[in-house]
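Chemist: Once you've had a glance at the structure underneath, I'll fire off some questions.
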Amino acid sequence: PAPVKPPDGGWGWIVLFGCFVITGFSYAFPKAVSVYFKELMKDFHVGYSDTAWISSIMLAMLYGTGPVCSIMVNQFGCRPVMLIGGLLASAGMILASFTTNIIELYLTAGVLTGLGMALNFQPSLIMLGAYFDKRRPLANGLAAAGSPVFLSALSPLGQVLMEKFGWRGGFLIMGGLLLNCCTCGAVMRPLDAGMKRKMEKTQDKYEAKEMLPIGGKSEEGISTADGNKKAKKAKKKPKKGKKLLDFSIFSNRGFIIYTISKFILVLGLFVPPILLVNYAKDTGVPDTEAAFLLSIIGFIDIFARPACGMVAGLKWVRPHVSYLFSFAMLFNGMTDICSARASNYTGLVIFCVFFGISYGMVGALQFEVLMAIVGSQKFSSAIGLVLLIEAFAVLIGPPSAGRLVDALKNYEVIFYLAGSEVVLSALFLAVATYCCLNRGKKQDP
């Protein structure tokens, strides 16, 4: 069937709110769980690296199960997949509260909750792309703001729950909170349903005309109603098998360029915020002030994402959104490189402000650029494949940076390396887009 025109508002704002909540849970939850690690280490007599695997498995499931989510969405639709995902995410945390060893925690809080959040995250972005077109950059920016907002809320909440109810009670309540993903899934109304209702309303009008003695007009009503029925029957006949995963997107040069640049980006993007607190402590900053640095990044990030979405939606900016994304990555990489030698707390605070702005810009634009490249029809397959490729980069980047820190005992080199990777991804995207895509467009006519 022909794609339905995005309404750019109306029920789309409810869909946007649902996407905001799910993006918040998906990105913030694996980080917020780290509040419970000390208690888990005491109860299960394990080290920090053992407990850190819980967050790593969650993130690996979020990224690595991309193609599985795409296949399920293409087969069953977004709403059923999201409802199942919400139940799995909640069940994982509830079962985790009854575990007796760390392996059981990996399977419940890690695998089950991670899979549940993955089944929510991807379909919510697909629905956002279906409901918004003209206002899509702003919608993506607002939805992306869910990540820093939820991170700033879930971490203190987790601390309060652990103090009052212990880690088991905290996991149980967190599992209850994740049931909100089911509510968000329930509001993801497919656009096709709205079109069917409109068709039914027009049919009702024709039936009413048929009952009234208007002569020729009633005959016209009958003929158009019959025509509608015939058209419906004709539409029903040719049923083609659905593509569960559309690999034809690899023939799109823009998609290949985006995927390669995103892989290089993810290798270095998450390294500075992961190492920042330990870096600050090693330079002599007190523990509480070092932890506050991440709060500065989160606070700036909250405002940077919607603001960047608004800028990307401007008429003269939107056709060149891939170049804006390249600038955001370049800004982020240069921030890492320039701040590698920051030796005092003031320098680190300045780094956090600029890193928060650039990190927010990257977060707001990453899916907007992908939607612009592949279109809403192929987005479900594209995002699944991109997330799978990113999963390898996530598993390579931060752990290898941690090993280099242990070997070299020098954070400066790591900041230079991470910044260089991000700058390289920015330059690759900008140059390849200009050379391969824009020149190709000029030559085609």
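Even glycines carry a Cβ here, placed using N, Cα and C.
Okay, these came from TrEMBL:
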type	residues	note
DOMAIN	12-437	domain 'Major facilitator superfamily (MFS) profile'
TRANSMEM	12-33	transmembrane segment
TRANSMEM	53-73	transmembrane segment
TRANSMEM	80-99	transmembrane segment
TRANSMEM	105-131	transmembrane segment
TRANSMEM	138-158	transmembrane segment
TRANSMEM	170-191	transmembrane segment
REGION	217-237	region 'Disordered'
TRANSMEM	255-280	transmembrane segment
TRANSMEM	292-314	transmembrane segment
TRANSMEM	321-342	transmembrane segment
TRANSMEM	348-367	transmembrane segment
TRANSMEM	379-401	transmembrane segment
TRANSMEM	413-437	transmembrane segment
Chemist: If you average per-residue pLDDT over the domain 'Major facilitator superfamily (MFS) profile' (12-437), what number do you get?
Modeler: 80
Chemist: Can you work out whether the transmembrane segment (321-342) touches the transmembrane segment (170-191), with the criterion being 3+ CB pairs under 8 Å where the paired residues are 6 or more apart along the chain?
Modeler: no
Chemist: Near the transmembrane segment (138-158), which same-chain residues lie under 8 Å Cβ to Cβ, leaving out any that are not at least 6 residues past its ends?
Modeler: 12, 16, 19-29, 31-33, 35-36, 124-125, 128, 131-132, 170, 174, 295, 297-299, 301-302, 305-310, 312-313, 360, 363-365, 367-368, 371
Chemist: If you count Cβ pairs under 8 Å, which stretch among 12-33, 53-73, 105-131, 255-280, 348-367 touches the transmembrane segment (170-191) the most?
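Modeler: Going through each listed stretch, the top one turns out to be 12-33.
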Chemist: Other than its close neighbours in sequence, what residues sit by the transmembrane segment (105-131), given a CB gap under 8 Å and a spacing of at least six beyond its ends?
Modeler: 4, 6-8, 11-12, 15-16, 18-19, 22-23, 25-26, 29-30, 33, 40, 44, 53-54, 56-63, 65-66, 68-70, 72-73, 78-79, 81-82, 84-93, 95-96, 99, 139-140, 143, 171, 178, 181, 184-185, 188, 190-191, 367, 371, 376, 379-380, 383-384, 387
Chemist: Counting Cβ pairs under 8 Å that are 6 or more apart in sequence, does the total for the transmembrane segment (255-280) and the transmembrane segment (80-99) reach three or more?
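Modeler: Not in contact, no.
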Chemist: For the transmembrane segment (379-401), which partner among 12-33, 53-73, 413-437 gives the most CB pairs under 8 Å?
Modeler: 53-73
Chemist: With Cβ-Cβ distances below 8 Å as the criterion, list the same-chain residues six or more beyond the ends of the transmembrane segment (53-73) that contact it, or say none.
Modeler: 26, 29-31, 33-34, 37, 40, 81, 105-106, 109-111, 113-115, 117-119, 121-123, 126, 244-245, 380-381, 383-388, 390-391, 394-395
